[in-house]
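Per Swiss-Prot, the features are:
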BINDING   C405  heme binding site
BINDING   505-509, 584-616  FMN binding site
DOMAIN    499-640  domain 'Flavodoxin-like'
DOMAIN    678-906  domain 'FAD-binding FR-type'
Amino acid sequence: MKDMESIPGPKPLPVVGNLFDIDLENGLQSIIKMAHEFGPLFQITINGQKQIFATSQALVDELCDETRFHKAVMGGIQKLRMLAKDGLFTAYHGERGWGIAHRILMPAFGPLRIRDMFEDMSDVAQQLCFKWARQGSSTSINICDDFTRLTLDTIALCTMGFRLNSYYNSNALHPFIESMLYVLKEAELQSTLPGVANCMRVKAQRRMSKHIDAMRSMARNLIEERRAKPEPVDDLLNTLLNGRDPITGEGMSDDLIISNIITFLIAGHETTSGLLSFTFYYLLQNQDVLERARNEVDEVTGVGPITVQHLAKLPYIDAIMKESLRLMPTAPAFTVTPQKPEVLGGKWMINTGDSVNLLLPVCLRDETVFGPDAGEFRPNRMLEENFSKLPPNSWKPFGNGERGCIGRAFAWQEAQLVVALVLRTFDLAAEDPYYKLRIKETLTIKPDGFRIRATLRHGKSATALSQHNISVGAAASPASSTYLAGNENGRDAAGGQPVSFFYGSNSGTCKALTHRLASTMMTRGFTDQNIAPLDSAVDNLPRDQPTIIITTTYDGQPTDDAKKFVAWLESGNSPSLQGVSYAVFGCGHQDWTKTFYRIPILIDNLMYKAGATRLATRGAANAAISDLFSDLEVWEETNLLPGLRESFYPPNNSNFVPLEPHQLQISINKPTRVGMHRDLIEAKVTAIRTLTSPGAPEKRHLEFCIPGETTLRPGDHLNILPVNPPSTVSRALARFNLAPDHSITFESSNALDLPQATPVSAAELFSSYLELSQPATRNNLKELASTTPSDGEKQELLHLYDSYDSLIRAKRASVLDLLEQFTSVTLPITTFISMLPALRVRTYSLSMAPSFKPLHYSLTFSVINEPAWNGNGRYLGVASNYLASLNLGSILYISPRPAKDAFHLPTDQSSKPIIMICAGSGLAPFRSFIQDRMLWQQQDKTLAKALLFFGCRSPQLDDLYHDELSQFEAAGVVEVRRAYSKVPNHYLAKGCRYVQHRLLTETETIQDMWAQDAIIYVCGSGNLAKGVKAVLESMLGTLYERYITEIF
């Protein structure tokens, strides 16, 4: 064997090794400096352990060969095991928990699942933009902190349905982030210091343990909350809790679930926030690149909402992000160790047990690959035509192979969206134009001290921005659209021959594509179908029918359910495939240049060499730049179907009888519940917006259109037919051991207005027909007490009966609440149903004048979601939560209801002044009054004076329709006087917390208007009306009939 060379490096000192060669605050920079001094491979000694660093593309290419090397958990990552244990990132090679978790979680990060997360990603991205817009262009923005908030909120919402609301809670970072930053920094430091030094740092160790306990406790709480309140969603948290390993059949232990929750919360946001921060740093340093990027975003996305389909059409944004990660890989190293002693670079021996760190900030600037300007920011080199020509393993910021980043697609989609959205929304500038890049190190890297200013483009205001959906479009995902059977677009139906589909799929994408293709071919007459994983085709490929294969490559290898099939083809032991007719469709991602389409190509070639007949040219879909389903449809039309017709159904075959395509015939009727109420008409939601900021009780604006005219006037009402909240329905189902689709039929007549002799699902019954939240009656309490065998619970129920007003009615305790509290009660479902009133309509005031926007109406309402007064979970308002659940295009059922005659505008608005007094959503009818006055003015009619007194918490939280009212005020339609309970010293509130106080500041004006026969309208709670009346009577004397109230 050729003599091996020793690995160079700085000379270590006894005991401390190379500790003094390392800057403990900037350890990475110290290592990079050594790389420039000692060359492509060097070593140092830390804590008595030899650490080897590789810094060239050639060495990286060798080290990424998974047949020779595998991941090693060393240094700071090993110290991080105190927190994340055997989670996906910190697990040792071959650790059993890693295998179980990896196989369970792979489908959760497939391309289709990531696409489905786009809307939630957009939600958080919009929050960032709203914050920057409202802060104004003079605000200095700590871009790293804001991107940290963004990425942590995104991973929590998209994968676990949990809102951290980091932009609203305070200026401080979320406690999880504070703990994470400490743990990451401490893990890195502990990995550098000698063991004896770490033992002496008792306070630091205790602080580390405290932060670890806090983070694992937060993860445990997420688990407990989801188990206590299950949600029927296909998210990561449910996958962690309920998923089963397809090989062993095992689920994950709670300890492993907690470790992986922490792994995702850290890895899912820390490196992505760094990527975004570095990307915007480089953009502001390179104005020509910034301008080209913005032009690409403007051209592709236009003025409408950004959709997930746009992202694949932004190649320059993609290149910018890749170049940013090349120069500043936010996870700056990963470590491997050899399976057996290996010679590296032809001259260095790497022994078993040695660890080699791939030092990415140097590897990815290798001048032999990227040229003499490798240290410069040049996005063009990352455009596909150049990127695809790079040597293998030249760009590795996401790690390697099976231990590479499982969430790469998630992070990339999120970052693409944020870059595009920010560029389209803002003009950006560095706060300090002379800022020099500094690096903040933990186990990851970020810019240190980099701040920007953001100005809305095109002179747009923050209010205008918030009134438009700036990000997400409701573009349908092909994976979830419905395919209606039928002979569409004149396509010919093929014959009734059988067909077999085989797929190879780890993440579920190729399986979904296979089922989509099978469904479309079903409509063409291929009704005898077999769909199975590729491994089931070993020694089982049919010869009397077409075989369609859809598969992909996973880290250069077959998917788990295709390994046996590929090995069978490669072994040469497979029999001749003469008579097999097949077609292959392959999926891939262009960033894996070395293995792009490797397995689909291999299967196609091996089957052909074994004698099988190709039906069609191999199809291909690139997940990086195209829509997989659209590519599949094109391949089906242009390649597969022509091949099938030619090979299986010759034109002269007289025995060929085309199957009649399946025609789907349906009828659609109104819900049965609608027919049980009088005069309900159908309305369609046309606009939705939230009127408040987090921190204030939520209030919403809902607009809808109805067919035909009505006789409604400003001040009138609408009856709304709601449904019960899904969580309340789930509680009722669970109490009576019913599945949602259990069928219930009422055979006998009953006093309740329920469907007779017609099956209704249990979920529909509890959702649409019964008042589940109605407070229990005294008789209900007596009946419950009579059915319990427990003397103790019987006495408690009778005590509630005796204290009914204070303990039941005042606390809104329902029969369902009591059944959950008193578990010994054995109440039949028939009795439960008989106890409950029928679900009734709810009444809301119109908040839009009927003539203001013909055929359109709106409601302004508070969403009631608060801790239950009886201490049992949360109390959800039935109608308000129903209205809050509606989406654009949703159908609801309403009926007009006139208000009392007095609660309308005076017939002559020219001479009759009005005074309107309200708080919160009590503004609704007065908004319709003011709009009607605006229409009156537009007819060149004079208007008498109008005053609006409006109370809320603060201008930032819940000053409803502020800008709109300001426009009406500027037009002379109304004068507005505000009171702010949280900020009474605000200049608009004149020191007043509540509207009754604000009335006193306008005493003279009110008295003058009263003398001119003004009408006073009040809309709000009973307490508000009482306080207002007391003030007005002290000011005006007896109010008589010109004082009109509407209490809710």
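Glycine is treated like the rest: Cβ placed from N, Cα and C.
Just so it is clear, the model here is predicted, and its values are computed rather than measured.
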Between C405, V584, I599, which of the binding-site residues has the fewest other CB atoms within 10 angstroms in the structure shown? C405
D604 (FMN binding site), DSSP three-state class -> helix
Tally of residues which DSSP labels helix, strand or coil - the domain 'Flavodoxin-like' (499-640): 53 helix, 33 strand, 56 coil
Spacing of the two Cα atoms, R614 (FMN binding site) and C405 (heme binding site), in whole angstrom, works out to 36
Judged by the number of other CB atoms within 10 angstroms, which among H589, K609, R614 is the least packed of the binding-site residues? K609
Please compare the binding-site residues S505, D604 by how many other CB atoms fall within 10 Å of each one's CB, and tell me which has the fewest. D604
Between H589 (FMN binding site) and C405 (heme binding site), how far is it from one CA atom to the other, in Å? 15
Round to the nearest Å and give the CA-to-CA distance linking the residue listed as 'heme binding site' with S505 (FMN binding site). 18
